[in-house]
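Report on the structure given below.
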Amino acid sequence: MAAEQIAYTVKEFAPAVPGWLNKGDNAWQMTASTLVGIQSMPGLVILYASIVKKKWAVNSAFMALYAFAAVLICWVLLCYRMAFGDELLPFWGKGAPALGQKYLLGRAKVPESKHRGYNDVDDITEPLYPMATLVYFQFTFAAITLILLAGSVLGRMNIRAWMAFVPLWLIFSYTVGAFSLWGGGFLYHWGVIDYSGGYVIHLSSGIAGLTAAYWVGPRLKCDRERFPPNNVLLMLAGAGLLWMGWSGFNGGAPYAANIDSSIAVLNTNVCAATSLLVWTSLDVVFFGKPSVVGAVQGMMTGLACITPGAGLVQSWAAIVMGMLSGSIPWVSMMVLHKKCSLLQKVDDALGVFHTHAVAGLLGGLLTGLLAEPDQCKLILPFDTRGAFYGGNGGVQFLKQIVAALFVITWNVVSTSIILLFIRLFIPLRMPDNQLEIGDDAAHGEEAYALWGDGEKYDPTQHGWHTSQFSEVAAPSPYVNGARGVTINL
């Protein structure tokens, strides 16, 4: 026993285990980072590849794959410190690399988060693990935001324009929202609540996605009218990864393995399940049968809605939020969308505006109503509560509205400027003749090898099997009025 105690003590003071390091917090934060990363890779890669028409499976998956890789490099070269570094402007940090050994191995710290908290005691975000852990955790949030945005422009955006758009939008749009609300910017110090990204991620991606869809232009008429998933079962696999990964998404927001993290994970799953059931019930009532795609959309609206308040509301409130997130976005998608000329004109391929912007805004406002005072004290550096709990809750609700307006305005303006700039050099939309073909025109690859070892269809080799895109018509099965086959001997 004595020997074990000595060995443990020596290990504790090893160079790799400094006194400020909490191994449990570090282990959980790296696990949460991995869970959020899995939401994008392979979660949304699989989801996008399977929820679109077969001819767009490769292109949709590649847009997500490229964004994940490009965001990581831009993040460590410049963008992390724009979002979580020293202040340049009230809404923007000073960009700098996050690559140095001394910087990454030191204790994590968000320098501009210093806040005069309870009893006039200064509070600053300084987790008990190295900066490298925080840098990677926040990268996974930045990456999934771009990938969610991509859902609005699937099936027609020029892949070269997308490759230029990703780093520019990360630099000039995402970092502004992240610094303003999380990194110590003006909205953070004003007391706006965004627990884990209802505004920074979901409202931003939904508004920017709708704006991008407007500037890029619509899909072909035939694709807008009929865009069936090419593999519903694979879509469910991607959706499952997205749902399960959300435990890291919201559970990692406190930057520690604490009791607030636990309630956030529970509330996340409760809200998602409730929203899925409400959305499915509405589909049954109004359309006569449950939709699998609809169930996935209901799941996503529930996850997006609970995000801004996951660790700040009670679990009964999570059910209320799930009921509203399963119904209000459903109405906006199924009813209001068909009556609004702007929404009809803009081709938001996967309805990201409804599933993320509407749900994220709804969650932010509901957090301003339902945030429980004692739970707020567990994680927030300022004393606040939702409007339903009296006190300064009414002011908090107004702050949530103002912050939402800022995020919406910034994303509309920045996304528009970025795309108009790219359009000067690269067409935003693929030409119609390539849109008719899809993956083969964009990448020279197709998702499914339907003939032999993957070679293109050739009727002289593969027989009279045709698709809607085949230029060769199969012979009639009716010969001299009788149905039969001809066998060459």
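One is the number of the first residue shown, and numbering goes on along the chain from there.
For all residues, glycine too, the Cβ spot is worked out from N, Cα and C.
All TrEMBL annotations are machine predictions without curation.
Worth saying up front: this structure is predicted, and the values here are computed from it rather than measured.
Annotated domain 'Ammonium transporter AmtB-like' per TrEMBL: 28-448, in sequence order. Taken as a whole, the domain 'Ammonium transporter AmtB-like' (28-448) shows an average pLDDT of 94 in this prediction.
The transmembrane segment feature in TrEMBL is assigned to 27-49 (among others). For the transmembrane segment (27-49), the residues of the chain that approach it from at least six positions outside its boundaries are 57-58, 60-61, 63-65, 67-68, 127, 129, 133-134, 136-137, 140-141, 143-144, 147-148, 150-151, 154, 231, 234-235, 237-239, 241-242, 244-249, 251-252, 255-257, 261, 296, 350, 447, judged by C-beta separation under 8 angstroms.
If you look up TrEMBL, you'll see 61-83 (among others) marked as transmembrane segment. Counting only same-chain residues 6+ beyond the ends of the transmembrane segment (61-83), those with a CB under 8 A from a CB of the stretch are 40-41, 44-46, 48-49, 92-99, 135, 138-139, 142-143, 146-147, 150, 154, 157, 159, 162-163, 166-167, 170-171, 174-175, 178-179, 182-183, 443.
Residues or ranges marked as transmembrane segment by TrEMBL: 135-154 (among others). Counting residues 6+ beyond its ends, the transmembrane segment (135-154) has Cβ neighbours under 8 Å at 29-30, 32-33, 36-37, 39-40, 44, 48, 52, 56, 59-60, 63-64, 67-68, 71-72, 75-76, 79-80, 83-84, 98, 104, 162, 166, 169-170, 174, 178, 197, 200-202, 204-206, 208-210, 212-213, 216, 249, 252, 348-350, 352-353, 356 in the same chain.
Annotation comment: TrEMBL describes 166-187 (among others) as transmembrane segment.
Marked as transmembrane segment by TrEMBL: 199-217 (among others). Tertiary proximity for the transmembrane segment (199-217) is limited to same-chain residues at least six positions away from its ends with a CB under 8 Å from its CB atoms, namely 141, 144-146, 148-153, 156-157, 161, 165, 169, 173-174, 177-178, 181-182, 192, 304, 307-308, 345-349, 352-361, 363-364, 403-404, 407-408, 411-412, 414-416, 419-420, 423, 428-429.
Per TrEMBL, transmembrane segment is recorded for 229-249 (among others).
Beyond its flanks by at least six residues, the transmembrane segment (261-280) meets 28, 195-196, 243, 246-247, 249-254, 290-291, 294-295, 297-299, 301-303, 305-307, 310-311, 313, 315, 317-319, 321-323, 325-327, 330, 375 of its own chain at Cβ-Cβ distances under 8 Å. Taken from TrEMBL, the feature transmembrane segment covers 261-280 (among others).
Only residues 6 or more beyond the boundaries of the transmembrane segment (292-310), in the same chain, are considered here, and those with a CB under 8 A from a CB of the stretch are 47, 51, 193-199, 201-202, 229, 232, 235-236, 239, 242-243, 246, 249-250, 253, 263-265, 267-268, 271-280, 283, 317-318, 321-322, 324-326, 329-330, 333, 351, 354-356, 358-360, 362-364, 366-367, 370-371. The transmembrane segment feature in TrEMBL is assigned to 292-310 (among others).
Per TrEMBL, transmembrane segment is recorded for 316-337 (among others). Counting same-chain residues at least six beyond the ends of the transmembrane segment (316-337), those with a Cβ under 8 angstroms from any Cβ of the stretch are 266-268, 270-279, 282, 286, 297-298, 301-302, 304-306, 309-310, 343-344, 351, 354-355, 358-359, 362-363, 366, 370, 372.
TrEMBL lists 349-371 (among others) with the feature transmembrane segment. Within its own chain, the transmembrane segment (349-371) is flanked in space by residues 48, 51-52, 148-149, 151-155, 193-195, 197-199, 201-203, 205-207, 209-210, 213, 219, 227, 297, 300-302, 304-309, 312-314, 317, 320-321, 324-325, 328-329, 332-333, 337, 343, 384-389, 393, 396-401, 403-404, which lie at least six positions past its ends and keep a Cβ under 8 Å from the stretch.
The transmembrane segment annotation in TrEMBL covers 401-426 (among others). Sequence-distant neighbours of the transmembrane segment (401-426) (same chain, 6+ residues past either end, Cβ-Cβ under 8 Å): 158, 160-161, 164-165, 168-169, 172-173, 176-177, 180-181, 187, 192, 194, 199-200, 203-204, 207-208, 211-212, 215-216, 361, 364-365, 368.
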